[in-house]
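Here is what TrEMBL records for this protein:
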TRANSMEM  20-43  transmembrane segment
DOMAIN    35-283  domain 'G-protein coupled receptors family 1 profile'
TRANSMEM  55-76  transmembrane segment
TRANSMEM  96-115  transmembrane segment
TRANSMEM  136-157  transmembrane segment
TRANSMEM  194-221  transmembrane segment
TRANSMEM  233-255  transmembrane segment
TRANSMEM  267-285  transmembrane segment
Amino acid sequence: ILMTTFILMGFPHAPALDTPLFGIFLVIYLLTVVGNLLILLVISMDSHLHTPMYYFLANLSFIDMWFSTVTVPKMLMTLVSPGGKTISFHSCMAQLYSFHFLGITECFLYTVMSYDRYLAISYPLRYSSMMSGRMCALLATTTWLTRSLHSAVQTILTFRLPYCGPQQIQHYICDAPAILKLACADTSAIEMVIFFNIGVVASSCFLLIVLSYVSIVCSIFKIRTSEGRHRAFQTCTSHCIVVLCFFGPGVFIYLRPGSKNAVDGVVTIFYTVLTPLLNPVVYTLRNKEVKKALLKLKDKVTYSQSK
């Protein structure tokens, strides 16, 4: 009998922790959505932030907001309601597509952002012409469109297999490695596709980012003033922090041999729940321009309320 529903078993934890974990993850989710919405609002309203770097940061905030929305609400339902663990076949398919589409798009966006920083620091005089508004739009559009096709292919390959039991997915989301364990057919070919599409592509992106930053560091050391070097390093540090937090768990899950459900579930929490929150925190706390824009926005709101 082919299955029409799956049961998400969640991540391993003591039942007594259901309510505390629900509260913690709910607060993190709300902060993530509000934080990323705030960044989008600030960038759109402040003309000083209408630059390539903040254009890509706005794209990143949009992705993070939806990346968290695709995964966290369903996870919260599995913590507080037995019925919340059930997910239909088509809902599972939609979640898998959205999860990989947003995740791999974010992966490519980090690569584009590192390229942008490379051009800004290595070619400051030619930067505005090399990274024009048209080029930014082209890079972003190409990233979104190609990754949507990538995710569609992977989703179709995963769900065209017959699934006949058991129903339990040992995860809190519909992720390909966990779903394939329920298939009643040989999955080795699809596992190789996943390994290439996610693991190899993500590793290639990470390698390109590393190469960009090696070139950036070489360019920074050529800057004559210490203040200039400090500003250049500060600009890149925020990006490096979120890149490491995003790529580390993903490579751990998709590139290592074998799969341990308990470990995968816990590691996935890091880049599906915490990393989307980390981005607005890092980019606001470490970025003077964003903090100035936030203060301006606050003053505008205060002024409008006082009238």
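For all residues, glycine too, the Cβ spot is worked out from N, Cα and C.
Source: prediction; values computed, not measured.
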(message) Can you give me the average pLDDT across the domain 'G-protein coupled receptors family 1 profile' (35-283), rounded to a whole number?
(response) 83
(message) Which sequence-distant residues neighbour the transmembrane segment (20-43)? Criterion: at least 6 residues beyond either end, Cβ under 8 Å.
(response) 13, 49-50, 54-55, 57-58, 61-62, 64-65, 68-69, 72-73, 75-76, 79-80, 273-274, 276-277, 279-281, 283-284, 290, 293-294, 297
(request) Decide whether the stretches the transmembrane segment (55-76) and the transmembrane segment (136-157) have at least 3 CB pairs under 8 angstroms, with pairs required to be 6 or more apart in sequence. (result) yes
